[in-house]
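Per TrEMBL, the features are:
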REGION    1-78  region 'Disordered'
DOMAIN    342-429  domain 'Ig-like'
DOMAIN    524-614  domain 'Ig-like'
DOMAIN    623-722  domain 'Fibronectin type-III'
DOMAIN    723-816  domain 'Fibronectin type-III'
DOMAIN    820-908  domain 'Ig-like'
DOMAIN    917-1012  domain 'Fibronectin type-III'
DOMAIN    1030-1114  domain 'Ig-like'
């Protein structure tokens, strides 16, 4: 067998044992039997003693090297397992379960878990009858559990297994072993290991000839590595390239009747024969090896037999392993020769070895050839000679050595070596050396804050762990652990009370411990940081005081409490309670007499400590005295009080005030924030209701009891000043004033008014009415003519006089003539319309002084006072008609006279009634189903314009009337859709604003709708000309407006085409002025003046213009300002 190259050696060493598969020599019977026994879920075989039989993986040439999947970066490896599967033992036919647990606390989804046999065999594809994989998740603990169940185990299930878990960039794995022991009841299992045993014993027996080329051509790519190792192929990749060339389709050759076989195989030192048959024996033939022509020699012998040409190669060596071809003319025939190296035998096997932990271990064997390819296994798992590996493989000629520099307990295993022609195994046993204690730990007593130094020495240089009270102690900033050689030290720089306990050192891997005790002592000390200044504690009287004082000291000190010369025991109203880390002073229901200093004393074997604690008992203050109400207003009062005599031992923080109605028992809090002063002003009381008030004092402890209620009081207030004070009339010696009552009178009511005046230029006010007047009008008499006076009025009630109301201007005592002015209401500036029987009641105000005279006329004649009632006052006149008749219609003229001054106004009153019936109704024509009617308007229109007509029809047979047309405006109409053969009467009602006429005018003759129709000749009408120049049907009316209130001007116009409307003020067009709004609807034109002022008065004009002409209408607007 040729020597492997360096590259081939590396690939061979790194490769794992090939998967279990029967070779052609093993035969197919045993394989089929084994598959029937194990079903599809049979786990992988043991591999501890027979590595070649292991089903560790399935891999092939050309795929990624298997070891790359194993070489993960250590930086990506993290601990995901919280429980790893442990190695186990099971009898043949028994069941076993391996469990792995992963914590899902920091995982967003389920991790990926895989189970492997050996290095590569993924057991997920082998699940079935004998192998089951299960997984579960516990929601409460958030732990994933993964289980592998092996059922009815067989001997070939033994070996090394691996569990891998991965999540994103995190990865963790764990290896474990399964040992399957023999069972007397177990049925014998026939597997490939028996073949290896036979092969080991009968290594010298002849093996049947195997053609490696045929094996490679027919094998699955995943079996290439196995075949390469089994048959000593070193250049596997080269052979596969040659095999690929051999598989190419061979073209038919004209020169060769029979060509070379695709490949030949020969053992090293053997003889090989190449033969071709020529189609033409005269053709010159040449042989080549790797492109070099072969010449006849003792090694290469040529023969000619007819058309056959034969080449013999004697004594084949590895150099003869090459590509050969023969040429005949221009044609060529090629083949491949494979020289097989003989199997490598194990001439000296491994020996069982025993050693101690930490010792160097060497396992050696010898093989039949130098530098042969040898594989090492531990419990069936291949060992590699990598730099990071604990195992080092040394090769010295035929001797191969496995070296372990420092043996460990986990190196206990069965180690095996395998070659192409045999194998050997041995057991390595690693035990611990006997341990001796050179220096034991000593018990120590240290003061608090001093160093604790524990030291021990043992005979072996091994690691160990420190324990305190059975709990593992880890190194930290405070706890220092040192290990140098055989000496172990435990150091705490500053001892604490918690450091006291039993300490123990336990060497790793030894069932031995070295104990000691540490006792920490500390002088007693009181911790009074939580107390106030001068160690003062304040407690509220009546409450329970539980004062806890932290204490320290080791051992626990003795505590004693005292007040003065009296010791405090652990029972009674005042008692002391002592605990391991504190002492409590308890006072049930504290009293003011309990105030004073208390002493606490601590003692233990390390020293003594004491302190004074001041107890201060405080209480709520005493109630204040009853408050005094010093001033009363409309809904308020002012109250004062004195502070309480005793503040309860705590300063007064403020006061709460309450009030209630005298007749009520319900008190109401007036302030929710403390009042700091001793005066307060309650507000929002009801005027005229009696109230009482009381006060609470507040300190840091709480609120006192309420004070006694104050004397009852009633809030009262004067009224507001009178309103609208004005001059009513003035004579040469008197002035009459009028006013309105105050806006606010209050609960005290109103007793009357006081009128005062003073002459201009003086400050002396004279009471005009010595006695109160309850009227809102008063005449001041006895005034000199021509003088000027100032006037004021006060309202008076039980609370006193109100603020005075002054007249704004001095009043001249002299009678003044006011010209008459009729203030005609707006609705009377147009025709005033009423129906017959309705009441007419018109009030027309006017002004004028002195002694205005009013007169009335109707249509220029005096009014008949028997039919129309007239009533006049100083400021207005009233015209009253109880039941209006049509005779009351007409123009009424009103005249107001003051001395030689006159003002006039005219009112147009129209009394309307329903109209009379139309005059004669005539049937003008009858044709087809139509009748043409005509009539004349009624003689009596009811004093109102006729607005339309209503036409009805009646069948002569039934004489039941039905309305045909309503609100018809013309005096002729055509009635359609009459029934042929019927005879009809018609009647017409007149209609005005009051309604239909009481009676109707009926046709004297009836209209018969004949069955034989007549041809109706439609009359020819000329087109009516609807065009019309603008015409105002309703003019503008002079209007009075009040300043600040919107005013409107209205008129109506008609015209065709529709005229354009323009508004003018004082002959100037109104354009884009926001104070005016102009709009029109159905011929009605409106101008709205928004909140007019006196400056908006003037002449307003409405102009209508179309293509036929124009028309104008105007009016006057007067704006008055109210006083």
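The backbone N, Cα and C atoms fix where each Cβ goes, and this holds for glycine too.
Shown for the domain 'Fibronectin type-III' (623-722): DSSP residue counts in helix, strand and coil, namely 0 helix, 35 strand, 65 coil. Contact between the domain 'Ig-like' (820-908) and the domain 'Ig-like' (524-614) does not hold: fewer than three of their C-beta pairs are under 8 Å, each pair 6 or more apart in sequence.
Looking only at the domain 'Fibronectin type-III' (723-816), the predicted model's pLDDT averages out at 89. Residues in the domain 'Ig-like' (342-429) partition by DSSP class (helix H, G, I; strand E, B; coil) as 3 helix, 46 strand, 39 coil.
The listed stretches are 342-429, 524-614, 917-1012; of these, 524-614 has the most Cβ pairs under 8 Å to the domain 'Fibronectin type-III' (623-722). In the domain 'Ig-like' (524-614), helix, strand and coil residues by DSSP number 6 helix, 55 strand, 30 coil.
For the domain 'Ig-like' (1030-1114), residue counts in helix, strand and coil come to 3 helix, 54 strand, 28 coil, using DSSP. Counting residue by residue with DSSP, the domain 'Fibronectin type-III' (723-816) contains 0 helix, 45 strand, 49 coil.
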